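The signal peptide annotation in TrEMBL covers 1-38. Residues or ranges marked as ATP binding site in TrEMBL: Gln209, Lys225, Glu246, Ala329, Val330, Met331, Leu332, Glu403, Asp418. If you look up TrEMBL, you'll see Glu246, Asp418 marked as Mn(2+) binding site. Sequence annotations record features per position, and here TrEMBL assigns domain 'FAM20 C-terminal' to 293-509. Under the heading active site, TrEMBL lists Asp398.
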Amino acid sequence: MMWRMYRRSRTICLFLAFTTIFLHLLLALLSLSTYHQACDTPLSPRTHILRELAHTNYTSVEISGRAALPADTTQRGSSTNDANKDAKGHVQTAESLECGLSKLEALFDHSLYTMPFTHIPEEDWLLKVKPKIKASEKSSQMWVSASQEGYEDMQWNSSSDSHPPWLRFHLGISRWQLYPHRDPNMDALAQQLATHPIVSAVQKSGGTQLKLVMSFPNYGQAMLKPMKQERDDETNYNLYYFSDFERHNAEIAAFHLDRILGYRRVPPVVGRLVDVVKEIKDVTTDRKLARTFFNSPVGNVCFYGQCSYYCSTEHAVCGRPRKLEASVAVMLPDLSLVTRRTWRSPWRRSYSRSKLANWEAEPNYCSTVKKTPPYNKGTRLLDFMDMVIMDFLMSNMDRHHYETFEKFGNNTFLLHLDNGRAFGRHSKDEPSILAPLEQCCRIRRSTWLRLNLLSLSQYYLSDVMRASLSRDPLHSVAPLLSEPHLTALDRRLKTVLETVSRCQQQRRETGSADDVIFDDTPYLKDVTLAV
């Protein structure tokens with residue numbers, strides 16, 4: 001009797017053991033399958049996906065899984081919190097970054113990013129190089145630098161090979177973009193911004209917060225914004241948008257997002273670890289700035305400069321103990337050479353705690369804007385919508401003005417400058433940023449197609465953004481955007497696409513659905529359907 005019970009017990013135990021092993025193997029296979037599905041090689045740019053995106057009914061491509069948005073506000077908050085919890089558990093492995101980089105390369109090889117450009121007329125270049133000259137005249141036509149301590153002896157002529165990266169960037173600015181897609185000069189320019197010695201540092205005048213102008217030995221200059229808060233810190237909900245800090249990582253992330261959206265309207269920005277003493281204090285000729293340096297109680301070197309807000313010992317910028325994270329953006333051509341015009345945004349916020357702006361009180365506000373120059377003709381309104389979409393994706397509420405190059409008049413792109421107050425909150429979206437798109441219901445077809453492309457699993461916006469940011473020098477310190485911020489990008493992208501779909505539905509009822517999407521890509525059909 002005891003022997004039979006023993007044998008039966010042993011049989012049951014063996015059965016349970018084999019069942020457990022089988023379930024573990026099944027779970028491992030399912031996990032492996034899910035992983036490979038997420039990291040599938042992106043489809044060829046000339047697949048059926050392009051046929052769907054180029055279809056004339058402009059049906060929005062559904063975003064599944066990670067970016068799903070609930071219908072009401074209460075559910076939205078709950079869903080956002082759940083997404084944040086999931087995002088915090090994500091580990092950036094070498095494999096996931098490699099997968100993201102392959103998606104990024106496939107995205108930039110896509111026909112929506114490699115659209116053919118016609119020959120650029122001479123008048124559409126911002127700056128011109130003097131034509132070739134005779135050999136006997138070269139000595140008088142060559143730019144030779146004056147001898148200054150710390151600066152290199154430079155000899156520049158009409159050949160681009162003799163130009164430093166920052167000058168090649170200036171000479172590459174055209175009426176339609178700051179730099180071309182796949183610009184071969186971009187790596188050299190980023191290298192200069194991240195590593196070249198700093199020979200001068202002075203505070204930039206104007207503005208509400210501390211900014212420095214840095215000079216390099218090859219006469220290039222860059223705008224430096226120091227680290228003010230940790231990457232994972234969210235903006236306090238009790239603060240108004242005009243009281244927020246400017247973030248160095250937001251400037252860096254804005255450049256990468258602008259490039260991923262296909263705009264190329266943000267000057268190149270890289271992250272850099274700066275020695276507060278060697279690269280700022282010891283080389284500054286700004287006496288007002290020099291007087292603000294001090295050592296903190298724990299021995300860190302700090303300074304605060306002079307500005308309208310946040311320039312005091314209570315808001316000092318401090319190294320650890322001397323190393324300071326900062327964003328470094330290449331400067332645009334000097335205003336003495338190329339003038340820029342500043343435009344007040346029609347959807348500017350009131351910057352008041354109690355007063356509403358006109359666009360918040362008038363339901364037909366866009367009709368007034370459309371009748372007002374320069375929004376009454378050309379592509380200015382479409383350019384503005386591009387900027388609005390980018391601002392919503394990165395939650396930037398501080399777009400009170402924008403600039404253009406005066407040489408090109410009203411027929412040119414908008415400069416997307418000063419993005420330091422972006423990426424402040426990931427757990428809350430700000431729908432009012434999309435008000436211009438909702439009120440005007442107007443968007444470029446090329447922009448709309450790229451947004452749909454970035455909603456597909458092969459090119460998820462969060463994946464390509466994570467991969468692009470991993471190339472920045474400061475990524476070795478810590479990821480420039482936390483996972484909740486990356487998750488928020490997918491969520492907000494879905495909101496933009498849904499907004500366009502609602503516009504189409506509303507206009508379809510009035511028989512004007514074709515007015516929503518402006519067709520700026522007449523040749524795209526031939527490109528995408530040629531399989």
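Even glycines carry a Cβ here, placed using N, Cα and C.
Caution: TrEMBL annotation is automatic and unverified by curators.
Bear in mind that the values here come from a model prediction, so they are computed numbers and not experimental data.
Note: the Cα of Val330 (ATP binding site) and the Cα of Asp398 (active site) are spaced 21 Å from each other. Between the alpha carbons (Cα) of Leu332 (ATP binding site) and the residue listed as 'active site' lies a span of roughly 21 Å. For Asp418 (ATP binding site) paired with the residue listed as 'active site', the C-alpha to C-alpha distance reads 9 Å. Non-local contacts of Gln209 (ATP binding site) by the CB criterion (under 8 A, 6+ apart in sequence, same chain) comprise Lys225, Lys228, Phe245, Glu246, Cys307, Ser308, Tyr309, Tyr310, Cys311, Gly420. Residues listed for ATP, Gln209, Lys225, Glu246, Ala329, Val330, Met331, Leu332, Glu403, Asp418, cover a largest CA to CA span of 20 Å. Within 10 Å of the C-beta of Leu332 (ATP binding site) we count 21 further C-beta atoms, all protein chains included.
Summarised as a single figure, the pLDDT of the domain 'FAM20 C-terminal' (293-509) averages 94.
All chains included, 23 other C-beta atoms sit within 10 angstroms of the C-beta of Asp418 (ATP binding site). Annotation: Glu246 carries the greatest number of neighbouring Cβ atoms among the recorded positions Glu246, Asp398 [cut-off 10 Å, Cβ to Cβ].
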